[in-house]
Every structure is written in C-alpha cells, then in structure tokens.
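To keep things clear, I will list the structure first and then write my remarks on it.
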Amino acid sequence: MGKRGSRSQSQLLNTLTKKQKKHLRDFGEEHPFYDRVSRKEAKPQICQLSESSDSSDSESDSESEPQQVSGYHRLLATLKNVSEEEEEDEEEEEEEDSIVDDAEMNDEDGGSDVSVEEEMAAESTESPENVALSADPEGKEDGEEPPGTSQTSPEEFTDAKHESLFSLETNFLEEESGDNSSLKASQDPFLQHVNKELKEKAIQAVATNPKTTHELKWPILGQLFFSSKFQKLETFKPPKDIDLKSLHLQKPLESTWTKTNSQFLSGPQKSSSPFTPLQKELFLIMNSYRDLFYPERTALKNGEEIRHVYCLHVINHILKANAQVLGNNSRRRSQKFGVGDDDDFRDQGLTRPKVLIVVPFREAALRVVQLFISLLEGDSKKKIIVSNKKRFQGEYGSDPEERPPNLKRPEDYEAVFVGNIDDHFRIGVAILQRSIRLYAPFYSSDILIASPLGLRTIIGGEGEKKRDFDFLSSIELLIIDQADIYLMQNWEHVLHLMNHMNLLPLDSHGVDFSRVRMWSLNNWSKYYRQTLLFGALQDAQINSVFNKYCVNMQGQVAVRNVPMTGSISHVLVQLPHVFQRMEAENLASVIDARFNFFVNKILPQYRDAVMSHTLIYIPSYFDFVRLRNYFKKEELNFTHICEYTQKSGVSRARHFFLQGEKQFLLFTERFHFYKRYTIKGIRNLIFYELPTYPHFYSEICNMLRATNRGEEATWTCTVLYSKYDAQRLAAVVGVERAAQMLQSNKNVHLFITGEK
C-alpha cells in the first residue's frame with residue numbers, strides 16, 4: 001500500500017505545473033484554484049471584477065471547463081488584492097527565467113535555441129492577441145507588412161462604459177450650444193449637400209454620361225482639373241479674403257481654429273487671415289463638398305498644414321451632423337406629430353460612422369486626435385472630456401529613447417518615420433458636443449481612424465466567416481492621407497477598402513429607418529461621399545483610384561502641376577545617364593517586355609568581369625523575384641537585398657558587393673524606402689524601372705561618390721523606360737525633355753550630370 005501510495009503521489013506531482021509545485025512547496029497545499037471538484041457540470045457563475053482593474057488574466061482552454069465555484073472563489077473575485085496579482089507576475093517571470101536558463105544551458109552544450117522558439121510559439125498560439133491576428137488572410141504573403149513596422153497588434157480594446165453618454169438616440173441638444181444658426185441658413189454647404197435630392201434619371205445617366213472637364217488656374221494650387229459626370233458643372237473662383245463667419249463653422253470652431261492654426265501664421269498674415277494661402281484654397285474646395293486629389297503633400301514641407309485644415313473640415317462636418325440629429329430628437333420630444341411628418345426628421349445614414357480617415361502610422365492617428373481635442377477645446381478654460389486618453393497615448397505614442405541617437409538619415413525620411421510607426425491599427429472616435437470618446441465601438445463611432453492593414457484585417461475576404469464592412473456603408477467623408485506610403489506598404493489593401501465603401505449593410509444594426517435619409521436607403525451614398533486624397537507624387541495607381549472610385553455629385557478637383565525640372569538636376573556626381581526606351585504593345589505587356597529587353601539587350605553588356613560592381617535598382621518586388629530566379633538559373637555571380645532580407649544578410653551582401661566578390665547587387669525600392677542605407681562600391685547603375693519617388697533617382701546616383709577611388713571615368717548609369725512611364729519620366733528629367741524623349745524616333749537618349 002505504501003508503494004502504491006507513493007507511486008500515485010509521484011504521478012500526481014508529475015501532472016502539476018511549475019506554478020502548482022511552487023505553491024505546494026511554499027504553502028504545503030495546492031492553490032484552491034486547482035481543487036479537484038465533482039465532474040458533474042454545473043451552470044457557470046459569472047463574478048464581476050472591480051472596474052478599477054485595467055486588465056484581466058484570461059484562463060487557458062484547459063482551465064476554462066465549467067466548475068463549481070466555491071464561496072472562497074467568489075470572495076477572491078471581489079477582493080481588490082494587488083499583492084496576489086504581483087505574486088503571480090513574479091511566478092511568471094521566474095518561469096520565463098527558468099526557460100531562458102535552460103536555453104542558455106542548451107547553447108553551452110552545443111544545442112540550438114529551438115526549445116525557446118517552440119516555447120514562444122506555443123505561448124503565441126495561446127494568446128488571444130495572436131488568435132485575433134491569425135484572421136488576417138494575407139498575413140503570410142509577400143508584400144504584406146514591410147520592415148520597420150510592427151507585425152502584431154495589441155489586443156483590441158473598445159470602450160463599453162460610455163455608450164449611453166455618447167448615444168445619438170437618447171441625447172438631446174443642449175441649450176447652451178444652441179441650434180446653430182448656420183444649420184438653419186439655406187446657404188450652409190453642409191445642408192445644401194445632404195439635403196440635395198438626386199433623381200433616378202440622373203443616377204442612370206451617370207453610367208453613360210461623358211465626363212466634362214474644366215481647366216482652372218489658382219494662385220497657390222496651380223493647375224486644377226475640375227470634372228463631373230453630372231450635367232451641371234459650376235465653376236468656382238479662387239478665394240480672396242475669407243471671413244470665418246462666412247464659412248458656416250459650427251461652434252466652437254470659429255474661436256478655436258485661430259489658436260490651433262497659429263503655428264502656421266506669421267507676420268501680417270496672422271492678423272488678416274486665419275488660414276495660410278494653401279489652407280485657404282484647400283478649405284474652399286473641401287467646404288464645397290467636392291472630391292479633391294492633391295499630389296503635393298510632403299511630410300517635410302506642408303504635411304501638418306494640410307492635416308490641420310482637413311481636421312477642421314472633419315470636426316465641422318461631425319458637429320453639424322450630430323447637432324442636426326440631436327436637434328431633431330428635441331423636436332420629436334417636444335411636439336406631437338403624425339405618421340406623415342416622419343420625413344422631416346430624416347437626418348442619418350444606415351450606420352453611425354460618417355468619417356473615415358486612413359493614415360499610414362499610429363503617429364499620424366495620434367496627431368489627428370490631438371488636433372480634434374485642440375479644435376474642441378481652444379482657449380476655453382473648461383476642459384473637454386476625453387475618455388480613455390491615457391490608454392490612447394500609451395498605445396499610439398512613442399518613447400523618444402527608443403530611437404537611436406546616432407541614426408543619420410535624410411530629412412524627408414526623418415519626417416515620415418517619426419514617432420510610433422506601427423501600421424496595424426484601427427480606432428473609433430465618438431464626438432458629442434464637447435466630449436470625445438476614444439476606442440468607441442465602430443457602430444457607435446462618428447469617426448474611424450485606421451491604417452489600410454487595420455481595415456483589411458476586419459473587412460476580410462470572400463469566403464471568410466468573420467468579416468465585417470457594414471460600418472463603411474454610410475461614410476460621408478473619406479480622407480486618404482499620405483497615399484504614396486501605401487504604395488510602399490500594400491496597395492491591394494487600399495483597393496480592397498475602396499471596393500467595400502458605401503455598400504448596403506448586411507444587418508440593420510438597430511437603425512431607426514424612419515430617420516434614415518432617402519438617398520442612403522436608395523444605395524446612393526457613394527454619390528454623396530466626399531473623398532479627399534493627399535499624396536506626395538503623381539502616380540498612375542493613385543490616379544486610377546481617384547478616377548474610378550470618386551463619383552461625388554458635386555464633382556472632382558485634381559491638382560495637376562507638371563514638374564518643369566526633374567530630380568536629375570540634383571545628381572551631384574559626374575555621370576552619363578543613358579535612357580533606353582523599350583517598346584510595348586499595351587500596358588498589360590509592359591512587365592514581360594521590360595524583362596525580355598533587360599535580359600536580351602542590357603544584361604549581356606554587363607556580363608563581362610570589367611563591368612563589376614553593378615547595382616540593379618528594382619521598384620517592384622515581383623520583378624525582383626523574377627530577376628533573382630533568372631540570375632540563379634544562369635548561375636550569375638550576384639547578391640541581393642530586399643525588404644525581407646535579414647540584417648545579417650544585408651551586411652554580408654553589402655560587404656561582398658563592396659569587395660567585388662559579387663558582380664551584381666539586386667536592390668529593391670521598398671528596402672531603400674524603409675532603410676535608406678548608403679550602398680558603397682557602386683560603379684555601374686541600372687534602373688530596371690524608373691523610381692516611384694523621383695528624389696530616389698538622385699539619391700541612388702549620388703551613392704557612387706560614397707567610395708571615390710578615382711574611377712569616375714568608368715561610371716555608368718542605364719535607365720529603362722516605356723511610353724507608359726510618362727509621369728515618372730517627367731518627374732526625373734522634366735516635362736519638356738520627357739515629351740521629346742517619348743515622341744522622338746530615337747530609342748536612346750544621353751544626359752550627363754556633374755559637368756564643371
């Protein structure tokens with residue numbers, strides 16, 4: 001019996017976890033949590049934890065079986081005992097330390113760190129954070145998440161406390177804010193836009209109507225193309241002097257805007273106008289509810305200036321829309337009306353979210369929210385209520401110490417990659433009079449701020465069980481900021497988003513259909529949606545989105561200034577630039593035509609050992625993979641660096657290329673965008689395709705002077721282009737030269753830079 005008892009005891013010990021063994025050793029008994037109770041299933045009892053607790057430890061699947069809850073458990077659940085939580089944290093740390101120690105022992109014995117990786121993998125599969133992320137259908141695909149950005153997202157939090165406080169259905173317009181006179185004014189742009197009723201004939205004619213276009217010239221914006229598929233096209237003149245009262249701004253924006261925007265106003269301009277000249281022209285277009293494409297927004301120059309003005313437009317739109325709803329709530333409560341009066345109160349969409357702001361990084365989302373707070377607060381001594389502000393600053397802010405102090409990069413790089421550059425996020429914001437609710441559930445939000453990847457993971461794809469895009473059904477204002485960066489992230493996410501905008505929702509989501517506008521019920525929301533698109537360059541893919549998905553009845557305004565001098569003028573080294581034009585029958589055949597031209601015409605010239613130290617710059621990752629496979633097949637002496645290359649691989653490739661051990665270096669544009677390393681040892685340069693960013697051309701060319709060993713006379717630069725690269729070519733060589741090169745009978749053109 002003794003042996004049998006000791007054997008059963010040892011078996012019992014073997015089944016215990018490290019935490020259980022530690023508790024047994026310290027206290028002489030198992031923790032009550034692990035008491036073996038009757039296996040008879042009992043109805044689970046829910047114990048409410050105190051609201052002061054910021055986080056709750058989720059039990060694993062094996063421990064989540066329904067058990068009888070003793071009075072002791074209920075007591076533990078209600079106690080605010082911090083010491084026990086700290087004790088558990090210490091136990092977890094000790095457990096992690098033991099795992100690390102075991103791994104170090106294995107390393108010393110010649111073993112690998114596979115055990116640590118397996119342990120981390122096991123933990124990651126159990127964590128709810130990674131379970132949520134596994135829903136990403138493209139999480140493993142190439143081009144999904146570029147380097148320099150976080151590939152994980154913290155467990156999604158939504159504010160459940162302030163639902164009734166920010167509800168549009170149960171609140172009424174406060175008398176102190178008043179029913180703003182601008183809402184009653186017939187000339188108010190907001191009311192003119194949302195109250196305009198389209199006719200069925202006009203909608204049907206859009207499919208067949210040709211697009212009418214007017215060309216305008218404004219002092220600051222320059223060349224504008226104003227187009228519309230609706231018959232009536234009213235041209236408008238550039239603004240002269242703007243009075244804030246004439247803009248129909250909702251309270252308190254008239255008083256708060258001047259202070260919020262003061263950093264951009266200086267000298268005599270400060271007293272005369274509350275806008276900069278650029279802001280003045282942009283806001284006139286925004287306030288007219290026309291679509292806008294502005295391709296000259298740069299992080300280094302005017303990025304913040306533009307962010308301020310579109311945030312003003314967003315808050316103005318939301319305050320007016322919510323004031324209309326709350327005012328109608330008050331009217332419905334104060335007066336008796338019959339069934340026929342319901343149409344007087346149609347003031348909403350099918351879902352509550354009205355504004356979607358797409359930004360690339362968390363830092364941009366942080367700045368947008370800070371501007372919202374500033375615009376609602378202003379000089380007022382009475383602070384506005386911002387729920388979950390501390391959590392938001394913790395998740396979207398950044399620690400200055402995280403950035404290496406000795407990191408030297410170009411100014412434009414520093415301006416783009418500032419702060420928290422995680423690119424997987426989404427957050428709902430609700431605004432009610434002078435209060436802001438951060439982390440609002442999407443269907444209780446007025447404004448959604450998200451990255452393309454953050455939206456992609458919730459929208460999902462065809463055939464997925466968990467997907468949701470109903471919250472996009474009633475978006476009235478879409479802002480896509482820094483659109484050029486999405487070309488470097490994953491442009492497919494932007495296209496996926498646009499394909500799901502303003503579709504009829506699959507669920508009612510508790511909407512009162514008697515309050516829904518008729519044009520929303522008719523599924524005409526896309527004709528009322530205003531889209532503001534900001535980027536740093538003219539690109540065919542961005543132009544395509546604007547032309548295809550922007551069908552606002554008010555018309556579209558696109559800024560189309562042509563570059564007179566190209567980025568080639570910033571090349572400082574003495575270098576011959578040979579531009580070789582290739583012929584392609586159509587746009588679809590360009591990719592194959594370029595590859596065949598390069599393999600048959602260009603590459604044979606560089607196979608000789610004399611033409612060593614050749615860097616091949618490749619904008620497209622798919623072209624990079626194709627060339628890499630070809631080089632391997634042909635057994636060429638080459639190395640490569642792309643956005644997915646490990647740091648050690650990058651160091652080896654740079655070393656081999658500098659020493660001449662590898663003749664060719666395949667180099668992707670996205671790696672250059674995210675890292676901006678200076679590649680030393682370049683003597684011959686090939687641009688497989690013109691760069692997306694024109695200033696990358698001069699940056700890459702100027703790398704040749706990084707190792708100046710008296711070889712300037714042998715340096716070469718070859719550029720491939722076709723007639724379909726007109727925009728990129730104009731940005732590099734200037735519009736006049738580009739036109740000559742595209743129309744010329746000659747296929748080869750030579751430029752020489754750096755001549756003394």
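The backbone N, Cα and C atoms fix where each Cβ goes, glycine too.
Taken from Swiss-Prot, the feature region 'Promotes p53/TP53 degradation' applies to 1-185 (among others), supported by similarity to another entry.
As annotated by Swiss-Prot, region 'Disordered' applies to 1-159.
Annotated phosphoserine per Swiss-Prot: Ser10 (among others), in sequence order.
Among the features that Swiss-Prot reports, compositional bias 'Basic and acidic residues' is placed at 25-43.
According to Swiss-Prot, the phosphoserine annotation covers Ser50 (among others).
The phosphoserine feature in Swiss-Prot is assigned to Ser52 (among others); the stated evidence is similarity to another entry.
Under the heading compositional bias 'Acidic residues', Swiss-Prot lists 54-64 (among others).
If you look up Swiss-Prot, you'll see Ser58 (among others) marked as phosphoserine, on the strength of experimental evidence.
What Swiss-Prot records for Ser60 (among others) is phosphoserine.
The phosphoserine annotation in Swiss-Prot covers Ser62 (among others).
The phosphoserine annotation in Swiss-Prot covers Ser64 (among others) and rests on similarity to another entry.
Here Swiss-Prot flags 84-121 (among others) as compositional bias 'Acidic residues'.
On the 0 to 100 pLDDT scale, the model's mean across the region 'Promotes p53/TP53 degradation' (573-635) is 94. Among the features that Swiss-Prot reports, region 'Promotes p53/TP53 degradation' is placed at 573-635 (among others).
Taken from Swiss-Prot, the feature region 'Represses p53/TP53 degradation' covers 636-697.
Across the range of the region 'Promotes p53/TP53 degradation' (573-635), the DSSP-based residue counts are 36 helix, 12 strand, 15 coil.
Note: the region 'Represses p53/TP53 degradation' (636-697) comprises 24 helix, 13 strand, 25 coil (DSSP; helix = H, G, I, strand = E, B).
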